[in-house]
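Report on the structure given below.
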Amino acid sequence: MTQLYTYIRLLGACLFIISHVQGQNLDSMLHGTGMKSDVDQKKPENGVTLAPEDTLPFLKCYCSGHCPDDAINNTCITNGHCFAIIEEDDQGETTLTSGCMKYEGSDFQCKDSPKAQLRRTIECCRTNLCNQYLQPTLPPVVIGPFFDGSVRWLAVLISMAVCIVAMIVFSSCFCYKHYCKSISSRGRYNRDLEQDEAFIPVGESLKDLIDQSQSSGSGSGLPLLVQRTIAKQIQMVRQVGKGRYGEVWMGKWRGEKVAVKVFFTTEEASWFRETEIYQTVLMRHENILGFIAADIKGTGSWTQLYLITDYHENGSLYDFLKCATLDTRALLKLAYSAACGLCHLHTEIYGTQGKPAIAHRDLKSKNILIKKNGSCCIADLGLAVKFNSDTNEVDIPLNTRVGTRRYMAPEVLDESLSKNHFQPYIMADIYSFGLIIWEMARRCITGGIVEEYQLPYYNMVPSDPSYEDMREVVCVKRLRPIVSNRWNSDECLRAVLKLMSECWAHNPASRLTALRIKKTLAKMVESQDVKI
């Protein structure tokens with residue numbers, strides 16, 4: 001690098017000298033002589049040979065603009081040539097000058113070739129005062145090629161070449177350094193992976209690891225090192241879903257299927273919050289999506305936020321209801337299991353390792369998954385809020401994301417919800433849960449009749465409703481999803497209708513609690529002899 005800087009400095013010095021030579025005027029190139037007489041001409045001595053310029057006769061020339069200091073009547077004496085020259089300056093003005101030219105170099109000067117950047121013409125003669133009547137004319141304007149052979153363009157070309165070479169050198173050094181760093185990181189990653197694989201004994205299943213963590217750990221999930229190990233060893237199989245937060249993939253860990261939620265980097269707040277909620281002490285419940293691990297994967301150039309959970313091949317309640325119908329037992333099993341999960345979220349567990357009360361804030365059929373046994377589990381806790389009863393504080397996530405407008409409670413839509421108290425968040429969840437029960441009930445067959453699957457308010461608002469659309473329907477008109485007349489003729493659906501109506505009441509204080517919903521559905525399950 002020092003050699004490069006030295007070369008650039010030398011180049012700068014050369015360019016300075018070149019520009020200095022180019023900047024000299026014609027007075028330094030076309031040297032005239034002073035006044036001389038014929039007697040001043042040298043005579044050859046015996047045995048002495050004179051130079052050619054000393055044998056030439058002297059001429060008297062007319063001078064204008066190039067006169068020596070001892071010129072008389074604008075004349076000068078030379079043994080070379082008389083000349084006249086016309087030049088054009090930078091402003092486009094022409095000047096005609098004349099004078100005497102020394103013998104040395106006169107042949108070269110008289111053959112002066114025009115330059116693209118300086119228009120001029122010189123004419124020479126060799127008789128007394130012959131240049132007084134010379135009228136040289138400027139050469140025509142010629143737009144020459146970029147490389148016209150001039151020193152100035154040569155300097156520019158050299159400078160450009162030096163800059164390009166320097167850029168190539170710097171780029172090569174940077175790329176090589178980055179490549180070495182990448183190779184080093186990859187090697188370190190592979191070594192860590194090998195060490196982590198040895199950390200989890202062969203034959204240990206996810207269920208074994210989770211059971212061990214619950215019995216001997218803090219109750220907040222697997223140790224972080226184990227989570228990172230599992231995340232590194234996941235094999236992605238296929239994408240099964242995509243949403244506003246990111247993508248969901250079906251992956252495998254040692255042959256076991258897992259769901260991998262890959263968050264967009266812009267949704268880091270949601271990833272962090274959901275990971276934090278899942279790792280809350282005593283959070284694990286059969287009707288809450290089973291959390292396995294979370295990790296940030298990537299190198300310096302890319303980052304992936306992983307959330308690894310149990311995989312449920314039946315998909316979401318939304319997907320399930322679109323293609324499947326229910327009998328009363330299946331309906332009650334879905335509703336009751338979902339209520340159990342919501343009740344666990346809302347309930348605070350006291351003790352040395354207690355669990356805070358949690359409100360979901362984005363309950364909808366797409367955020368409830370269907371397990372193999374036909375029960376539900378609640379997922380997507382990226383917007384959840386926690387309540388700390390010791391400090392009486394509501395822990396609200398620092399997240400720009402908001403819930404789904406179609407499922408928002410009236411107090412959320414009209415912005416009357418008190419954000420500093422926890423109970424309003426609980427009641428907003430209950431409103432959303434009532435809409436989910438409505439979605440389930442529509443797909444329940446009674447008397448051979450069933451409605452097609454629809455989202456709540458499907459016939460009242462657009463497919464992607466705005467706040468204003470929902471506020472007009474829910475808050476101003478106080479409308480609720482339509483109910484089929486057949487519901488009143490069936491004992492089970494009639495009870496479900498009463499339940500959902502008490503869930504979506506306009507006044508939050510009039511709504512049922514999750515515990516009351518759970519107990520009511522438990523009685524219905526018992527009366528129908530449903531096996532949970």
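Placed from the backbone N, Cα and C atoms, the Cβ positions cover glycine too.
Record check, Swiss-Prot: ATP site residues include Val240, Gly241, Lys242, Gly243, Arg244, Tyr245, Gly246, Glu247, Val248, and the candidate from Lys207, Lys257, Lys261 also listed there is Lys261. According to Swiss-Prot, the listed position annotated as N-linked glycosylation site out of Asn73, Asn373 is Asn73. Take the candidates Cys14, Cys82; Swiss-Prot pairs Cys61 in a disulfide bond with Cys82. Checking Cys100, Cys124 against Swiss-Prot, the residue bonded to Cys110 by a disulphide is Cys124. If you go by Swiss-Prot, Cys130 shares a disulfide bond with Cys125, out of Cys100, Cys125. Around the Cβ of Val240 (ATP binding site), 15 further Cβ atoms fall within 10 Å across all displayed protein chains.
Around Val248 (ATP binding site), a 10 Å sphere centred on its CB holds 21 further CB atoms from the protein chains shown.
The record assigns Val240, Gly241, Lys242, Gly243, Arg244, Tyr245, Gly246, Glu247, Val248, Lys261 to the ATP site; their largest pairwise CA distance measures 14 Å. Rounded to a whole number, the distance between the Cα atoms of Asp362 (active site, proton acceptor) and Gly246 (ATP binding site) is 16 Å.
When the Cα atoms are compared, Asp362 (active site, proton acceptor) and Val248 (ATP binding site) turn out to be 18 Å apart. Long-range Cβ proximity for Lys242 (ATP binding site), meaning a same-chain Cβ under 8 A and a gap of 6 or more residues, is found for Val248. Within 10 Å of its Cβ, the residue among the recorded positions Arg244, Gly246, Asp362 with the fewest other Cβ atoms is Arg244.
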